[in-house]
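> Structure provided below as structure tokens; questions to follow.
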Amino acid sequence: GPAEPLLGAREALRYYRRKAARWNRRHKLYREELNLTSPAAPLQLRPEASWLQFHLGISRDGLYPRSSPTVSRLLQDMQDFTTISADYSQDEKALLGACDCSQIVKPSGVHLKLVLRFQDFGKAMFKPMRQRREEETPEDFFYFVDFQRHNAEIAAFHLDRILDFRRVPPTVGRLINVTKEILEVTKNEILQSVFFVSPASNVCFFAKCPYMCKTEYAVCGNPHLLEGSLSAFLPSLNLAPRLSIPNPWIRSYSFDGKEEWEVNPLYCNTVREIYPYSNGNRLLNVIDMAIFDFLTGNMDRHHYEMFTKFGDDGFLLHLDNARGFGRHSHDETSILAPLSQCCMIKRSTLLRLQLLAEPEYRLSDVMRESLLQDPLAPVLTEPHLLALDRRLQLILKAVRKCIDTYGEAKVVANDTTQPKAPASDRAKLTT
């Protein structure tokens with residue numbers, strides 16, 4: 001039958017109705033204070049709104065069911081709908097407050113994210129364009145000072161869907177009019193105060209934080225339009241609490257000192273003995289995430305999140321993928337450490353990877369076609385698409401090496417109920 005849903009529909013609707021009513025009250029007061037005479041029509045919360053249907057469709061199986069009509073509608077709505085408010089995200093607000101800037105290893109304007117709310121009351125995280133698609137991350141950048149790439153957020157959603165993980169929230173590209181869709185709808189005075197017109201007559205705004213108040217970290221429209229990614233918000237934490245868990249294969253975020261996994265090839269034996277990796281699916285889910293991150297080249301997965309409701313065996317959310325797709329010419333095999341050190345993989349993941357290595361379902365081709373649906377297409381340059389095929393081969397090679405060492409029964413974890421005949425034929429790892 002259908003998998004256990006994350007939210008109760010009645011409770012969620014009641015919660016969002018209250019939120020919308022409160023928004024309407026505040027908005028009315030705000031307009032009265034500014035002496036805006038024309039009353040704003042109160043906002044109606046419609047149960048059939050795509051963002052709300054997306055929330056109600058989240059289940060133990062993933063963020064959305066396979067071939068979900070709701071997700072297509074949601075991507076379309078995030079592209080088309082007018083914004084009714086804009087604000088800094090919670091992270092930004094934390095940084096604006098008491099932020100001990102010596103603790104933050106991120107110079108540059110990496111933290112420039114805005115929360116946009118649309119006419120249907122849905123919310124999305126907007127990440128503006130910081131870097132042109134053709135620019136490779138310089139080789140001497142450390143992974144923790146790399147740019148955030150809006151196109152990487154979009155590509156990561158498509159890749160995650162193609163891999164059938166369904167753990168990345170729906171994400172779409174859009175040209176935002178920074179004047180009409182941010183400046184004119186925000187009530188945040190700090191955000192209003194960071195807008196300026198550049199010498200080239202472009203409308204710009206910048207992140208205001210103690211360590212990056214300089215205007216060179218600004219992003220600018222051209223003159224008003226700015227490219228960016230929009231990621232659908234997950235349900236409110238009050239409705240669906242999440243845990244943030246440190247990745248056992250976290251990197252050392254300093255220039256000296258290595259993490260244990262970087263020096264001890266038997267590190268996985270240690271991890272296997274600690275709860276929650278000692279039983280159940282968790283370790284296999286971390287390996288799925290490592291495979292995903294290796295394909296995108298994202299080295300920055302220091303934490304992962306899970307919905308508390310689904311317990312220890314729930315899926316891991318693959319959030320914050322803007323650090324991926326930086327260097328197509330380099331394959332960072334250390335990202336695969338969980339796979340190569342633990343020598344385990346889900347059968348369903350392996351079958352999917354083998355399928356995407358077949359000439360008629362080649363990963364780069366499936367990705368290219370999928371990304372053509374995005375308004376900012378082409379989202380990835382050709383070298384990045386081809387890098388996916390190369391990295392996929394490296395993953396399959398790592399799995400074969402494990403199987404040669406330990407045997408298929410030990411390496412391939414059976415998580416598929418009944419493998420269909422053609423799939424099991426393809427599963428012969430003789431390639």
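Cβ coordinates come from backbone N, Cα and C, glycine included.
All TrEMBL annotations are machine predictions without curation.
In case it helps, TrEMBL gives these features for our protein:
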- ASP300: active site (ACT_SITE)
- LYS127, SER231, ALA232, PHE233, LEU234, GLU305, ASP320: ATP binding site (BINDING)
- ASP320: Mn(2+) binding site (BINDING)
- 195-412: domain 'FAM20 C-terminal' (DOMAIN)
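Where in this structure would I find these features, and how exposed are they?
Counting every protein chain shown, 25 other Cβ atoms lie within 10 Å of the Cβ of LYS127 (ATP binding site).
A sphere of 10 angstroms centred on the C-beta of ASP320 (ATP binding site) encloses 22 other C-beta atoms.
Averaged over the domain 'FAM20 C-terminal' (195-412), the predicted model reaches a pLDDT of 91.
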> Do any residues at least six apart in sequence from PHE233 (ATP binding site), in the same chain, have a Cβ closer than 8 Å to its Cβ, and if so which, in order?
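Set apart from PHE233 (ATP binding site) by at least 6 residues yet with Cβ under 8 Å, we have TRP51, VAL115, GLY122, LYS123, ALA124, MET125, PRO169.
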> Do me a favour and check the Cα-Cα span between SER231 (ATP binding site) and ASP300 (active site); whole Å is fine.
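That comes out at 19 Å between the alpha carbons.
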> Taking only the Cα atoms, work out how far LEU234 (ATP binding site) lies from ASP300 (active site), in Å, as a whole number.
21
> Taking LYS127, SER231, ALA232, PHE233, LEU234, GLU305, ASP320 as the record's ATP-binding set, what's the max Cα pairwise distance in Å, rounded to a whole number?
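Max span of the ATP binding residues, Cα based, is 20 Å.
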> Identify, among the recorded positions ASP300, GLU305, the residue whose Cβ has the fewest other Cβ atoms within 10 Å in this structure.
GLU305
